[in-house]
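Take a look at the structure set out below.
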Amino acid sequence: MSTANGSSPTRISILGEESIIVDYGLWLNYVTHDLLNNIPSSTYVLITDTNLHSLYVPQFETAFTSASAAATSNSSATPPPPRAPRLLTYAIPPGEGSKSRDTKAEIEDWLLEQQCTRDTVIIALGGGVIGDMIGYVAATFMRGVRFVQVPTTLLAMVDSSIGGKTAIDTPMGKNLVGAFWQPRRIYIDLAFLNTLPAREFINGMAEVIKTAAIWDAEEFSALEQNAPAILSAVRTPASAAADPNARLLPISDILKRIVLGSARVKAHIVSADEKEGGLRNLLNFGHSIGHAFEAILTPQVLHGEAVAVGMVKEAELARHLGILRPAAVARLVKCIASYDLPISLEDKRLVRMTGGKSCPVDIVLAKMAVDKKNEGKQKKIVLLSAIGKTHEPKASSVDDRAIRVVLSAAVRVQPGVRPGLKVDVTPPGSKSISNRALILAALGKGPCRIKNLLHSDDTEHMLNAIGKLRGASFSWEDDGEILVVEGRGGQLFAPSEGELYLGNAGTASRFLTTVAALCSPSSDGDATSTVLTGNARMKLRPIGALVDALRSNGINIEYMGKESSLPIRVDAAGGFGGGVIELAATVSSQYVSSLLMAAPYAKEPVTLRLVGGKPISQPYIDMTIAMMRSFGIDVQRSTTEADTYHIPQGIYTNPAEYTVESDASSATYPLAVAAITGTTCTIPNIGSASLQGDARFAVEVLRPMGCTVEQSASSTTVTGPPLGQLKGIPHVDMEPMTDAFLTASVLAAVASGTTQITGIANQRVKECNRIKAMKDQLAKFGVHCNELDDGIEVTGNSWTELTEPREIYCYDDHRVAMSFSVLSVISPHPVLILERECTGKTWPGWWDVLSGVFGVAMDGEEPLSHSTVTGSGPNNRSVFVIGMRGAGKSTAGKWMASTLGRTFMDLDTELERRHNTTIPDMVKSEVGWEGFRKFEVELLREMMETKPEGYIFSCGGGIVETPEAREALISYCRAGGAVLLVHRDTTHVLEYLNRDKSRPAWSEEIEKVYIRRKPWYQECSNFEYHSPHLGVEESAVEMPVDFARFVSLICGKSSHLREVKAKPHSFFVSLTVPNITAHTATIPKAVVGSDAVELRVDLLQDHSPEFVVRQVALLRSLCKMPIIFTVRTVSQGGRFPDADHAGALALYRVALRMGVEYVDVEMTMPEDVIETVTKAKGYTSIIASHHDPKGTLSWRNGAWMQYYNKALHYGDVIKLVGWCRTDEDNFSLLTFKTRMLAAHESTPIIALNMGEQGKLSRVLNGFMTPVTHAALPAAAAPGQLTAAEIRQALSLLSKIPKRKFYLFGKPISKSRSPILHNTLFQQTGLPHTYSRLETDKVAEVETTIRASDFGGASVTIPLKLDIMPMLDEITDAAKTIGAVNTIIPVPVQAGKQRLRGDNTDWCGMVHSLRMAGVTGKRACPASGVVVGSGGTTRAAIFALHSLGFSPIYIIARNATSVETIASSFPAEYDIRNLQGTLAYTEGMARPEVVISTIPATGDVDEGILMAVDSVLTLPMGTSNTGAARVLLEMAYTPTFTNMMARAKDAGWGTVPGFEVLAAQGWFQFQLWTDIKPVYSTASSIVMNGTSDSS
């Protein structure tokens, strides 16, 4: 039988049967006939997943029906054949979540319902999940029925479908319950791969690489060579091909080869060892560790991705054990990476997909302990001995200690080296020479076989980058020991896709910057530039001098982030101009080498002139010139000009072979181990003839320190002095070997005397500030160092007196790590060195050498902390405020500076100070507008460079008029800085500008100016504050709460998400209003009891960004709580058009600019939209959501997993909303949520069901439940409840325990506190009660406050002082006031609680005064007055001080009491006893607030009344005009007192005592419940005196 192309398929024998059938087009043209003719049955059951069902099942049903009918009609049998066989189909949700006991049972029950019998044939159509699980169903159903595999993924084709392993997953791990059950057929139809997503295809390549790595070196080489072609085809979008099914046509032969190759190997091994007795273990290479990773990270990480990382770790383990050569490890890693598979758990994609979930080593080892290959407790791992070969023909026994070292992020080095040890160590190839050799060979013509190339992160980045630029092709020989580079003579092209990511490879970044300038645009014209970028540290390292030199030679280079650092965009100009190039070479010699190596390809011969002082690291420049000569270009050093070089034009001629000398910097570490331990070490291939300056280390550093040094032209041997007898060097200039200073420093730490090292200033701008790093980390050993301008001074200690460091931090710097490993071998104590793997930059196998060659014992360890370094971090970056003049920039800037504790600077004011003139006069002078703008830009750039942290700068309104200023601001945003646009309504701006004479007059209409500047303001800023607060009289305005919240968010100081995660129940109210403006009275009531408010943008009447900005600003000012910004599409249950992705993205950008706390992003949005939002989110939290309003997804199976996984990838919070039809749906949801939280506890989940029957899920959700409110026009979703309703339900379920609250004191019978709190409890749905406990004896309340159901208490006279000793803690406010009026139980552990005493009397006073117009900020100083000296007086003083009033006068009869009170407060309160009347004096702070604390009934002392009258009648000063003057009466009855009447007659405002009662109770309620009612509600309850409803 033939396939679609007319050819016969390829058959592979397994277990004596040719049951594996491979070709294109089998599914519709071959499978049905083969089944009917060779595996007959009355019932065929096709089981697949819901993703594949619609794609492949209908067509197969048609083909099956036709073939079955034809077979029946063509039969001539007598009697006639039975009726045609039936074909049943069943679909399950896709993903690893379906590979479970529940799904298996569901399928089995369905098979029984369909009356399937033992002759049934099951067809498993799908990937590994389907094949594994359906195979297990077949193995157990009716005690075993026949089944066939139809793998649709590459991984299933080459691995899981072959061999008869079937299984399901359990909580303990993958595939732990299953059976060996061989399929009767395995139909491998390669056409399925055309529709396989790229990630799934790449996932399968891990198994292909694995098979070649253990079995076939030739096939492995083919995989290396074919990686670019395979990836290119796989990543071609289906839409880009004329026929989507032809996407992989260019690699069809390659595909068939790799599938056949892998399938044949597996079939051979299975045939020899079906039940995994030994040989079949080899197929588990990478799986022992990989399966453990997968068990922890499933289902977010795919099997092949976990195995890829597992292969790397198991290869590193083989290297650590001395079995596998480092070059083979490097080759395997490069091959895996070339297929875009992860090679580390730190891979950014894995981190994002798993929500940053870690794989603790202890858990990984525990997962590995249940591996089926193990024998008892002995772990068995497949160890490679070479590419294509294993150490044993089975898995090998490996101790946990060795595994732990390889898995751990840190290593604890145990001191001790065997006395008399003599070793030979060959370090890896020189990093400097390796990188130069790669550049030269790629730019050269013809093949070049490079030997001893360094296999490290740096060279990997270089190789990958050259490959992307199509500068050369690469292949490996001699098991990865030789790299063959086929250079293309300088023909390079800008990369068509992606940027050049260089990690922290500084050498590569400098060299490739100039190489990128040689690139031409890509052949398709799509790529006209090259972007070079790196990790966070790389983005701080300098490259400015090199960029300046290239720019001066005609190359356009753009900084995409921080000025003078990566990332940069280099135009593909096809080469730079040449001629004379001047370069500052005092920072890095790599700048010089970069230009030297690329110079032959310039458009004219180059003369390179080094300026600015003596070039740094001259030996490295000499090395570059010597190597260029080896490749056929002879550089001439000028004989007439200092530091000048002449480079001819030409093309490098590649030598047939080039051997990279071992790295002399790396060689210093084994030599230093010998030196510090008194042993002997020989480096056989570095001597006096070396090109490298560091080769002088042994002679110029170690010999003076007391070592015996023997050095020939090609080798170096060092023998250290007896232990503890190293001698310090008074001074050594290490400028020729700067990288080696770290090694010298650790030796100096245990040498006698003081060693001074100079000439190493460039080491401050390497991977870290190495000089400071050595000083700080040596201090942990008790070694004292001094930093010098260009070096370090180390005072040695005896090695026996070294202190034990808690840990050594390595700054992600390989040389720091290796240097401290040297010191660790003689430390009196074991030393924990963090960031073990950073040595991979130059010597990936260093720890293996230290362990295997020097015999140093070490243990892998997971540190408790990841860093001991502290810094200001990005949160302290200076902020630039821009906007129109009069928009409130200075006010907002001062607010920011105040709340963040930073320095405010107005750049216009600073410019006037520097030029000693006003801006209007400057513009009128010969300087003019042009000169002013020039000064303005210069000042802006200076502030960005010299004050990058700790400042808030207010810029002039016209700063954006200058292109250079706009470029600087845009660059600042890109580099992670904050530029804030402040805006308010234009009418307010006009009002201000019409009377502002401090700036030049407008020469055109203001609105025209704003319209012109508006797009510039937008592009120059990344945050925007639209203010309803910034009035004309800005100096008198206090910072609004919403602005403080905004600033907290954009500067990374918001803690809201952390706070709500800690709460047992939290809510957000969903607004369903078309315009916030029309509901300003409703919204404050609707948000009560919620922790956030959701703005349903899709429900607004206008979706324009301008309208939405105003809506967000108004909502933020109204409700003063975090905002959830939601654009819900139609298909997700909202009203925003599904197809308007651009509109949705524009709105998301509005949200991020406005610094909202949460943005809801639907997971059905296109990937590019989601990626754009998540990359730009800053400190905004993403709620990754998916809604199923049609109820098509079930919580019982794995249907929700694909959405959960995607949400976990992108979200800080996950929101999944289904539909409920039965109560069971709610319980299934709860089970799903519990399981997901157990797997990823750091990522909270909102999971609930819509519909009436889904209300229970809302009650039980717990975290951030969406709610409605009676005041809103409609609920946002079917079944949505109010927060109060949910609390009522929770109390019925005992999820909110009923608490008892009290009022303590005497007399209290007339107190209105019970009605206040009981009403508020009822309104918010809380089950609590508040009652009076009248007593004047504090002992009578002790049992009550320690009861388990005690919820809190109000305390009044006479117990406010007596209660304090009975409490566990007192707030600072209550301590200062000296009285407690509120008791708050604070949970601590397991039902226990501490009692905290607080005082809300002063809070009530402050709130009442603010409501009356009093602010804490005023135009000029003002004083306050307290009448009386009783218990309330102290709270009144505290309240006035908190509002900034000073001095504070006390009017009272008893002078002694006043003195006592005054002396008990800090002097800064400035409390004065007012005797008699208060007379006006020049410059005095006039009183603006009087608080009366004396009884309102009975006679008041005449002296007090006279003093009060003198205060009330004191004339208001001109500067105080407009300030509120208020008397606050603390007495409750009568409602209008004599004191209030006097104040009113004097023109003062008054506040009755009941307001304070209501306010202090309002604050108490918030402290007890964390719910903030509308104040007017509390006030109304108290004022109206409604009867107690309880």
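For all residues, glycine too, the Cβ spot is worked out from N, Cα and C.
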For the Zn(2+) site that Swiss-Prot describes with GLU207, HIS287, which of these is also annotated: HIS268, HIS303? HIS303
Could you tell me which of these binding-site residues, GLY883, GLY886, has the greatest number of Cβ atoms within 10 Å of its own Cβ? GLY883
Taking all residues of the region 'Shikimate kinase' (876-1070) together, what is their mean pLDDT? 86
Proximal residue to GLU96 (NAD(+) binding site) among recorded positions CYS838, MET884, HIS1187 (C-alpha distance): HIS1187
On a C-alpha basis, identify the one among LYS99, THR153, LEU193, HIS291, LYS1215 that is nearest to ARG885 (ATP binding site); the candidates are the recorded positions. LYS1215
Near the Cβ of ALA887 (ATP binding site), how many other Cβ atoms are there if near means within 10 Å? 27
Closest of LYS99, LEU193, SER890 to LYS1215 (active site, schiff-base intermediate with substrate), Cα positions, binding-site residues only: LYS99
Are there any residues in the same chain, six or more apart in sequence, whose C-beta is under 8 angstroms from the C-beta of HIS1187 (active site, proton acceptor), and if so which? ARG1128, GLN1132, GLY1133, GLU1162, VAL1217, MET1250
Are there residues of the same chain, six or more positions away from ASP49 (NAD(+) binding site), whose CB falls under 8 angstroms from its CB, and which are they? ALA91, ILE92, PRO93, PRO94, GLY95, SER98, GLY126, VAL129, ILE130
Name the secondary structure element type, per DSSP in three states, that contains HIS1187 (active site, proton acceptor). strand
Rounded to a whole angstrom, what is the C-alpha distance between GLY883 (ATP binding site) and ASN203 (NAD(+) binding site)? 50
SER890 (ATP binding site) to LEU193 (NAD(+) binding site), Cα to Cα, whole Å, comes out at 61
So how many other Cβ atoms are close to MET884 (ATP binding site), meaning within 10 Å of its Cβ? 24
